[in-house]
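Q: Here's a structure for you.
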Amino acid sequence: MKQLFNLRLRGKIILPLIIALAVLILIIYFLLGRQLAVVSNEFIQRLSENKQAEIQGAMTLATQESEAVSSLFTRMPEVQQAYRTALQGDIDDLRSPESQEGREMLRQDLSDMLDGFKETRDEDLMLHFHLPNGRSLVRIWRDKNAMVDGNWEDVSDDISEFRETVMHVNNTGTPAQGLEVGRGGFTLRNVLPVMGEERDQLGSVEMLIDFDPVVEAAAEGEGEHLLVYMNEDLLDIATRLQDESEYPVLDNRYVQVMGADDRDLERMISADILDTGRTELSVHQEGNYSVAAFPILDYSGDQVGVMAYVLDISREQAMISNLTYTLVGTMALLLLILAGITFYNTNRTILRPLNKITGFASQVSAGNLEQKLQVDSRDEMQDLGHSLQKMVDNLKEKISEAEEKKEQARQETEKAEQFRSEAEEALEQARKAKREGMLQAAGQIEEVVERMTSASDELSAQVEQSSRGAEQQKQRTGETATAMEEMNATVLEVAKNASSAAESSDQARTKALEGADVVKQSVQAINRVQQQAGEMKDSLAGLGKQSEQIGQIMNVIEDIADQTNLLALNAAIEAARAGDAGRGFAVVADEVRKLAEKTMKATKEVGEAISSIQSGADENIQGMDKVAQLVDESTGLANNSGEALKEIVALAEQAADQVRSIATASEEQSSASEEVNRSMEEISRISQETADVMQQSAQAISDLAQQAQELSELVNRLKEEE
């Protein structure tokens, strides 16, 4: 700090400015990097939340789709008849003949529907019918119902110990849907009660949807990976996942059900990371990847596993780094341009005039008072130059007066010395005349004494006049010193006011910076609103697509209902031909026809609802487009406000730097004024000494006049003695 004070004014202005610019660039770099990191984390958090919601929405849609299909079989007469047949036997018997007959009936009666579904969807309709005691009646997509001792057999296996959804429906008669752990792991299920003609529950029917395609569809994005882990304590139920070579176990806590193609990604997932996602969404960053862990909940809301969403964020990180460097480089360039402008303006308006004034003061201190100071800056520097020139002119005038008085004193002193010599000579002659007693010599001495007395009186008057001039010079020199002190005080006041103005400029700059931060935060908030609007628009577009898929499914159901209605009509015709023997079959055909009509009616209502959803989604998308347009306009206005505040900050900083430079220059000028003031004090001291010499000369002349008087008296006595 001491060395900083030893710098010249140029260094005192430029060096702090350079340091301030460097510190400001570093602050901008760290703040910008931190803010962009926060934005990146929020972006990743939002992506993870959307992915979790996307998977949950897909699961919900799949279970709703399965409910629409499985509900067709809850009161179908063929299903009721098959259950009546199976329930006539011992349903606790693994190989009950009645249960076997019921299985065959269901396979035969539903074969056309199953074939139509497979032809349309290119997949099996996975329907599972259950007996009231929790045993499996038939898995309709299999030729053999269950595996017993490693062999496939067509028997009623017991699933009551681990199939909670089935037992819930069989015991309560209420539907159950959602994710459940089975022999093969996670499966989406929709279980509905099968009711008889008298509203009595015969069992339950279930439609299964494979969980893997739901996950794979959600991981189709570029750089996206989804890994599924099941709690290790569920391996007793999921017996097909007990092969650790195919389904690795992590730290005896989790079983990897679905992995990634890249083994490095699998090694990135630890049991500790999965623990953080058991209850809520948790986001971590591992190098160029973000890992989001969130819980997998079953139909009852219990946590049964954890899903890890791995996203490659290397491109986003590179974009953020490039953006940071670009913004910091731009800010640094702008600040350097500002520093150059400030340096040029400071050099032109302050340093050049100040160098003129300093050179002028140096020459004055060296004794050169003939030069002229010309400052054409039209500011305080020009006023300071005029004051300094006026001070030097006054100083020259006072020095000239002092020289004149000094010359007069020298001349009068020479005259006094001459008269003193003449007086001594006259005294010697008087003594000689006394010794010789010559009256003529005494008369001559008397004439000399008279002339000496007259000259002494005249010399005394001139010395008195010189003394008054010296005193007047001393007084004017004191007035000049007082004026210099007042000017020095004025310069100090200018420096003080300049410092206050600099502080005010700094405060204005601070307020402008705060305003710029507020505008920046507003822009960021508007950008987040715009991003949220875009995401909502994408979600609505996805909803429209999903509604279209549901519409396609409803078309399939409507076709099935048409075929069922046609079959019922044919059956009624055949029953009418059969007469009394076909009357019972006609009743069944009529019930099937009514069920088909209800299905068509429900399908129509669902189609209208889907059309309404699609229409509402289109309107919402249009509204989101308008919102996005308004957000863009708001962003532009906020950015314009931010640019205006930046210009205000730049002007405030420039004004503060110039005012501080003026304050520094005023302080240095105050020092120069003090030096001149000391010179004036020296001149005042010399004037005082001159006045003292004049007073001593007057005293000597007075003594000389007294001696002349005594000499005159002596001459008179000589005359009397003669």
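Cβ coordinates are placed from backbone N, Cα and C, and glycine is handled just like the others.
The compositional bias 'Low complexity' annotation in TrEMBL covers 665-674. Positions annotated as compositional bias 'Basic and acidic residues' by TrEMBL: 675-684. According to TrEMBL, the domain 'HAMP' annotation covers 348-400. Sequence annotations record features per position, and here TrEMBL assigns region 'Disordered' to 401-423, 452-481, 662-698. Sequence annotations record features per position, and here TrEMBL assigns transmembrane segment to 12-32, 323-344.
Mind running through what each feature is packed against?
A: Sorting the domain 'HAMP' (348-400) by DSSP state (H, G, I as helix; E, B as strand; all else coil) yields 39 helix, 0 strand, 14 coil.
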Q: Summarise the region 'Disordered' (401-423) as counts of helix, strand and coil residues per DSSP.
A: 23 helix, 0 strand, 0 coil
Q: Find the average pLDDT over the domain 'HAMP' (348-400) in the predicted model and report it.
A: 75
